[in-house]
Every structure is written in C-alpha cells, then in structure tokens.
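**Q** Below are the structure tokens for one structure; questions will follow.
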Amino acid sequence: MDLAEYKGIYVIAEQFEGKLRDVSFELLGQARILADTIGDEVGAILIGKDVKPLAQELIAHGAHKVYVYDDPQLEHYNTTAYAKVICDFFHEEKPNVFLVGATNIGRDLGPRVANSLKTGLTADCTQLGVDDDKKTIVWTRPALGGNIMAEIICPDNRPQMGTVRPHVFKKPEADPSATGEVIEKKANLSDADFMTKFVELIKLGGEGVKIEDADVIVAGGRGMNSEEPFKTGILKECADVLGGAVGASRAAVDAGWIDALHQVGQTGKTVGPKIYIACAISGAIQPLAGMTGSDCIIAINKDEDAPIFKVCDYGIVGDVFKVLPLLTEAIKKQKGIA
C-alpha cells in the first residue's frame, strides 16, 4: 500500500429525517484542525434520500468537498448498504482518514467498514492529534476500564478510522460565506446489498428534556442512596427549576435507581451542557469522560478529597441532601418562583 496515494480527512455525515446531527459538525471542526496541521483537505460523505440540500450546511461548517449519495433506497439506514457505499467510495477516492460519530449508527457502520477494508478503528475517542511525522493520526481513548488514557495509531493501513462521541468537541460556528464543491455520486447497489429490510421506526418516549440536548444537567451518583432523588426528589426538583435534565453515574444506573438513558460517562452518554451539577459523584475517569465537555461543572460532595474537585469550576464540600435543596430554593427566589 502506497500511503502517499491517500489524501483527505473525511467525515461520514449523519442525518436523520432530513436534519444533520450535530456530531457531524463537531467532527468537521476537528477535521479542519487536523487538516491544517498535516496540509490536507476536509471532505464529507452524505447518504440518504433528498439530502443534497444539506450539503451547504456541511460546507459552512468546514467541508471543502461534499460527496452526496442521494438515493431513495438509502432513505433509512441499512448497515450493509451504507457500508457498501462507504467502501466503494474508499476504493474510488482513496481518503486518508474517516471520522465517524460514536452514535448508534456510527458504532454499527464504522466497524463494518473497517473490517471490510482490513484496517483498524479506534472507538470512543476523546482526543485527536497528529504524530510527529505529520501524517499519522493519534487517537486517544480511555482504556483498561477507564483507568488510563491510551494513544493509538494506524501507521501502515488506510483509511485511518475512529469514532468520536457527540459533544466531545465543540460545534464550530457556521460560515454562511464558505464555498466548497458538491459532488453527486451514484450508489452501486443490488438487492444482495440489502440484507435487512426497514419495517417501522418506533421512537422511544421519555419525559422531560433529553440529557444530550439539555443546557443544564443535575446528575447524581452512588451517594444518592435510592431512586427517590432521581424520580421526585432533590435532583429532579433542581433540574425542573433550571429547565434541565437529570443525569446519573453508572453506579446509580446499575443500582436500578434511574434508566440508562440518563447515564453520563464512558459507558453512557457524552454531554456538553452549559452547566453540569455533579451531586455525590466522586469523579472517577468513567463519569468524567462524559461530562468534561460542559462549559461549567459544579460539584457537591462531602469528601473534600474527591477527584471531582480537581476538574470542577466550582466545588462545594458538604452533604448534598442539605446543600442542593438550599441551592434550589435560592434559584427559585432569584426566579421569583413560589
């Protein structure tokens, strides 16, 4: 394999029902940083039905080129068909790097493509960089149960591939004046490429604001002791007053106190709210991996030596069952809520 033939950092853009996912923009922002470092260009691959109008949004967020596969057969995600499209693109265009969102779709599509192309894939990256040779991407991710951060490279194969969780990187500001090239491609598909059939989309319900969309998250850990603070008690009350969502550590979810949809951390969701209030969360690497993208972290913990105090913006040493109700009442007073 002549590595010099492979050019371009490409984001596999993800859209749902005609709307681009924010993770696609976040990856484009990071792709531009990497491309500027190694002197390469940024591209995006867009797949679906009636998706061509979305190409300009990708250009506005950093793509120099957008390759569009607009096909009625590709309206709904299909693992084998989408993988065939991406693999065909690789053989035709020879990209250097594929960046994929660590979403439900990305976690399915990325490994399938990597396996087909006989290359490596680093999953759930929290940081991207460039090796000293200015050619090899350095993928950083938690390892050994989240106790260390591993740096992984793929020096001898192409494409270099990795998945990145939503909200790990900031979404860049759109530049409406940006220009780029939109290239329409034809998907070369047969019935054999569709090993599954889309039957029905069932959207999961859920009360309140989703944690991945929330501007404020009030999260609890093992120290909450029961489900009551999450469902009706102090965490829920504070989140409701702030118009936010309730989050939880893995320990709280494993204890059965709250649904896994609320889990923040290495094995849960990665979030990037304006305010993250961590209640009785010690600050081990696992939950920190999901919250460090927050603009402001406020920690409440009775253990003054808890690791969370090393990463938070504001720390309160005290009993969360005493401190948080006082904080909630102060917010109510400030807002004029009875």
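Here the Cβ of each residue, glycine as well, is placed from N, Cα and C on the backbone.
What you see is a predicted model, and the numbers here were worked out from it, not measured in a lab.
Sequence annotations record features per position, and here Swiss-Prot assigns FAD binding site to 275-303.
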**Q** Which state, by DSSP, holds MET291 (FAD binding site): helix, strand or coil?
**A** helix
**Q** Quick one: what's DSSP say for ILE275 (FAD binding site), helix, strand or coil?
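**A** ILE275 (FAD binding site) sits in a strand per DSSP.
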**Q** Tally every other Cβ atom lying within 10 Å of the Cβ atom of CYS279 (FAD binding site).
**A** 27
